[in-house]
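Trainee: Following this message is one structure expressed as structure tokens.
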């Protein structure tokens, strides 16, 4: 059994343009996130929990995009834009799993900021390297566990004779439209999974920031308040961008599914968010900018020599 993707352009000129555009964005995603990981590993000053989580987020972004973007690039050039049933299920498991892990990790980063600002004296004792590693692993394991459960449920349902997916890859909403069964029960199951992966971490993040804002407002120094808010603003920008797009896609009934609109939204969180995350974190962080500048300078000098 195979599925056929219908979202790709048919004209050769548009296919070539799409391939070049996606290739450029994917190159920026890989290079930006890999630079962040290298900067955090090479700079001793950045060996702190906050930057450990940032490096883990960049690693997740690289894996998350690798699940679908190379497949999108290959399909853009191929005349037969098909995927097997097993391939579709596998792609969905890793795409949803790593995307969910991204959301859980953002919640972990909010907890890290909460402890750093609200309980600064306990921070070195609470946020140990062992705990950081366990929190990152827990985010990935829980994300993949939820996605395996969801994909197993979806692909155990009977599919209609139509094998065409109006999308670029095997995402949940377009695949669910091919199911020939009682849609209300299945929609509810998908909504429960989306709530666990999106709504609960977002509620945790919002609660953390309520306590953070309350603690920051108690700081008498304007410079201290600015410094505390600046450490959280980058994270909050990424949270709003990531959760806004994902909530729009997954926390709604399939009756409000519009292929063209949803194809654009999916490209935003598949390509847009991963390429913006490194920019948001580096442009708003003086330590990261300085470290990246030194790293790029050393690489240029070594190449010249």
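Every residue gets a Cβ built from N, Cα and C, even glycine.
According to TrEMBL, the transmembrane segment annotation covers 16-39, 51-73, 93-111, 131-155, 191-217, 229-251, 263-283. Per TrEMBL, the feature domain 'G-protein coupled receptors family 1 profile' maps to 32-281.
What's the neighbourhood like for these features in this structure?
Mentor: If one looks beyond the transmembrane segment (16-39) by at least 6 residues along the same chain, the residues whose Cβ comes under 8 Å of a Cβ in the stretch are 8-9, 46, 54-55, 58-59, 61-62, 65, 69-70, 72-73, 76-77, 271, 274-275, 277-279, 281-282, 288, 291-292, 295-296.
When Cβ-Cβ distances below 8 Å are used as the criterion, the transmembrane segment (51-73) is approached by residues 19, 22-23, 26, 29-30, 33-34, 36-37, 40-41, 83, 91, 94-95, 98-99, 101-102, 105-106, 108-109, 112, 129, 132, 135-136, 140, 168-169, 270-271, 274, 277-278, 281 of the same chain, each at least six residues removed from its ends.
Through the fold, the transmembrane segment (93-111) approaches residues 50, 53-54, 56-57, 60-61, 63-64, 67-68, 135-136, 138-140, 142-148, 150-151, 169-172, 197-198, 201-202, 204-205, 208-209, 235, 238-239, 242-243, 246, 269 of its own chain, all at least 6 residues removed from its boundaries and within a Cβ separation under 8 Å.
When Cβ-Cβ distances below 8 Å are used as the criterion, the transmembrane segment (131-155) is approached by residues 49, 52-53, 56, 60, 85, 88-89, 92-105, 108, 111, 172, 175-176, 179, 186, 189-190, 193, 196-197 of the same chain, each at least six residues removed from its ends.
Tertiary neighbourhood of the transmembrane segment (229-251): same-chain residues 50, 99, 102-103, 106, 109-110, 113, 116-117, 171-173, 190-191, 194-195, 197-199, 202, 205, 209, 212, 216, 262, 265-266, 268-269, 272-273, 276-277, 280-281, 284-285, selected by CB-CB distance under 8 Å and a gap of 6+ residues from either end.
If one looks beyond the transmembrane segment (263-283) by at least 6 residues along the same chain, the residues whose Cβ comes under 8 Å of a Cβ in the stretch are 7, 22, 25-26, 28-29, 32-33, 35-36, 54, 57-58, 61, 64-65, 68-69, 99, 166-169, 171, 234, 237-238, 241-242, 245-246, 248-249, 289, 292.
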Trainee: Over the domain 'G-protein coupled receptors family 1 profile' (32-281), what does the predicted model average in pLDDT?
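Mentor: Its mean pLDDT is 85.
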